[in-house]
Amino acid sequence: MSDVQRIIKRHQVLKKASVSFTYAVLVSIAINFFWTPGHIYSSGVTGFAQLLTTLSQRYFSFTISTALGLFLLNVPLLFLAWKQIGHQFAFFTFLSVLLASLMIKILHPVALTHDPLVCALFGGAVNGFGTGLALKNQISTGGLDILGIVIQRKTGHSIGRINILFNSLIIVSAGFLYGWPYAFYSAIGLLVNARVMDMTYTRQQQMQIMIVTNVPKTVIDSVQNHLRRGITLVHNAEGAYRHDKKTILFTVISRYERSELEEALEEADPNAFAVAVDVDEVFGRFYESKPK
């Protein structure tokens, strides 16, 4: 590996680490400033950790904090990710979970408002943005994400039904513990969380990429090393200013792959010119890549 490649790799690792930290701060704000004061539950493993905290406070002589519950519930899933998905994926997932647990513990709850509707809306928006930002940079936040990837790889089926069942259980629990209006507010929070997350990160949305380069083979090798995407070449394109010969590359990627494509271009040809355009629909077989 050359010095330039080492610098680029270090930059990529630092970028992912900083995004993991940003996610951790945002999820801790959502939980400690909005959801906990408003008795609102999150979705997935985070919501289950909140549920464990409430149940231990009410029915046991000890309290399992949300931070501790979140970390412990993710431990077996992290081992599963390490074995079944990939070491790099598992490492950054572990980093996100660890930082989130620490920030939830460090950042003490502050009741900005006790209005459950406001808490649901703002908590969902803050957490949705943090989660979407993490996913956009190909960082898993742990929990059911890991289970979903493993199930999809093994069976080809999505985890949609399990997600719905799990989140329904959390919402019903909120109703029993705090009253049914809070179940309704938690459901609103989940919807806002999902909507903001989709606005930040949309795996299903595709983009057409046009790349103008002097070193097409190097760029193609780099892109296909990062992404499993077909590329169409247009040779002998001519620049209007210098009249030098260029090659134009066309490909279609998922929106969440954009950061990886940018990394591939930076490695192969920092002087390449690229244009990204949102695509309304892609016909035919479009491959969905798997996390590393």
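Here the Cβ of each residue, glycine as well, is placed from N, Cα and C on the backbone.
Here's what TrEMBL has on this protein:
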type     : residues : note
DOMAIN   : 229-284  : domain 'DUF2179'
TRANSMEM : 21-40    : transmembrane segment
TRANSMEM : 60-82    : transmembrane segment
TRANSMEM : 89-107   : transmembrane segment
TRANSMEM : 164-192  : transmembrane segment
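With pairs at least 6 apart in sequence, the transmembrane segment (60-82) and the transmembrane segment (164-192) have fewer than 3 Cβ pairs within the 8 Å limit; the two do not touch. Within its own chain, the transmembrane segment (60-82) has Cβ neighbours under 8 Å at 31, 36, 45-46, 48-50, 52-53, 89-90, 93-94, 97-98, 100-102, 104-105, 140, 142-143, 146-147, 149-150, counting only residues six or more beyond its boundaries.
Across the domain 'DUF2179' (229-284), DSSP assigns 14 helix, 24 strand, 18 coil. Mean model confidence for the domain 'DUF2179' (229-284) is a pLDDT of 83.
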